[in-house]
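One structure below.
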Amino acid sequence: MWRMTTLLHLTALLVLIPLCHCASMHRHDHYMDMDQTYPNGLGYCEPSGESSCKAGFSYNRDICQGPYHWHTISSCYKACGHKRRQSPINIWSHKAVFLPYLPRLKFKPHMKSLDTDVTNHQNRAPEFEPEDGDKLHVKLKNLVDGHYKFHNLHIHNGKSRRKGSEHSVNRHFTPMEAHLVFHHDDKKEIKPPRVKLGGVYAGRNKFVVVGVFLEVGDEGYGDEPDDDECKRILKGHCENNGDNGNNCDNGNNGNNDNNGNNGNNGNGNNGYNGNNGDNGNNGNGNGNNGYNGNNGYNGNNGNNGNGNNDNNGNDNNGNNGGNGNNGNNGNGNNGNNGNGNNGNNGGNGNNGNNGNSNNGNNGNGNNGNNGGNGNNGNNGNGNNENNGNGSNGNNGGNGNNGNNGDNGNGDNGYNGDNGNSDGRLRRWDLANVRRMHAERYHFSGGCIVKKAKRLSRILECAYRHKKVREFKRNGEEKGLDVDITPEMVLPPMKYRHYYTYEGSLTTPPCNETVLWVVEKCHVQVSRRVLDALRNVEGYEDGTTLSKYGTRRPTQRNKHPLRVYKNSI
């Protein structure tokens, strides 16, 4: 009998010794704090008995403070182990239920720039926290009431550079995932939604979290900003990075930040839509910067647009009034005051040897080639004495308005072309539209992927700054002031297709009171953003966030969660 007992003791020792050795190896693997513990041989962690909702936690999956055992750290974190509606999840796109009456995602007010404070959060993702979140609310009509105010913006990364998003769609992850967190105003009662998604806490969600998948890219993001440039960027000043968002993301026209009427702005590029939007019907001294350069879609940029105008010096050329800048409006290239560099309009005409000479009083610019056929003289090739080019108006089909019209060296719209006499886009115009469009976006899976250039510059500079990059103990944090527009993180309005479900916070205390809105279309930032985030120190020994990442593993709930979508 005693021999059997001895044999059992020896067997137990043989099993326990390797387990202890393995645990000791993990203890030295990475510093966290002196209270870290490890699962027993069965992978079980004893509850700590703590009740604080500020207890420390880790993303190291080998220890009891890691994401698999968050529910044992504190009784405040017990929801992390409920498995009822825990987030993040994998979303199967073909199983998501299409609801056509789901609202469009908006913010109120639109494009609001906020002063935020960003700090090193140790082993968690740095958070951009607004000084006054009451100034911005999420707007999801009929799905939630209007009292969810902006709480913070943070971005999750992974241990792997390619797998950093917390959510996934059809098991596909991206390098990062941005979360825009909105918290319901505690002073207001949560109103039940008209559109009910079901679930345990239907209509009782205290949070709305917008998740955006972030890709990384290299092209179109310019050189790495230096320290002086970062100081300007973080305070909201514009650098020449056109990007749909913020006050100065529509093309940075010279020194004017906002994309208003740019006229003589020096070297500014007129951005994606130029100054005049799609129709470019301004022509009043400020250059006509629509899609098609000076003439817009309709080529009606002059004050005197589409008429059969007499006297080419004072009116627009031809039947459809093509150049806009030829009118009586001061800064037009070909008009009475012809301040552009265009003068000499046309390859074939001598610009009015028989008329008023040189297209207006001051018209002889240096480089103006207003079309292959456009003879803008008063008696040009037209059949009518003072009607300029007769049916050829508009300075020809290929007219390039000199060195970019009134914007000095700026680009007047896509190509600064003068459009057609019938106001329609030429084939080469469409090609240029696509080319410029491709510089700012690319298409993937029926979505448009926005290249968030300005957001990239802000994140690069913020994560590189020592107040954010260097590890800080609790109470020693020094915040960095950053101006940011949360809407920069989102896809363009037209492409805000999303999945929605009722889940939980992805960090302790893992409260199951969150309405998730996960954007289907991705946003691209520069690869330098990912590098800078991974280099943020998350631990006192200088270990960075690249070691364990800041993503919670995909949760497998007891029952699949209902997921809905607002697009097919």
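The backbone N, Cα and C atoms fix where each Cβ goes, glycine too.
Over in Swiss-Prot, the protein carries these features:
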type: COMPBIAS; residues: 280-290; note: compositional bias 'Gly residues'
type: COMPBIAS; residues: 291-318; note: compositional bias 'Low complexity'
type: COMPBIAS; residues: 319-352; note: compositional bias 'Gly residues'
type: COMPBIAS; residues: 362-380; note: compositional bias 'Gly residues'
type: COMPBIAS; residues: 390-413; note: compositional bias 'Gly residues'
type: DOMAIN; residues: 55-567; note: domain 'Alpha-carbonic anhydrase'
type: CARBOHYD; residues: Asn389; note: N-linked glycosylation site
type: CARBOHYD; residues: Asn511; note: N-linked glycosylation site
type: REGION; residues: 259-421; note: region 'Disordered'
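Cβ neighbours of Asn511 (N-linked glycosylation site) (same chain, under 8 Å, six or more residues apart in sequence): Ala79, Lys206, Phe207, Ser504, Leu505. Mean model confidence for the domain 'Alpha-carbonic anhydrase' (55-567) is a pLDDT of 72. Asn511 (N-linked glycosylation site) falls within neither a helix nor a strand when secondary structure is assigned with DSSP, and so counts as coil.
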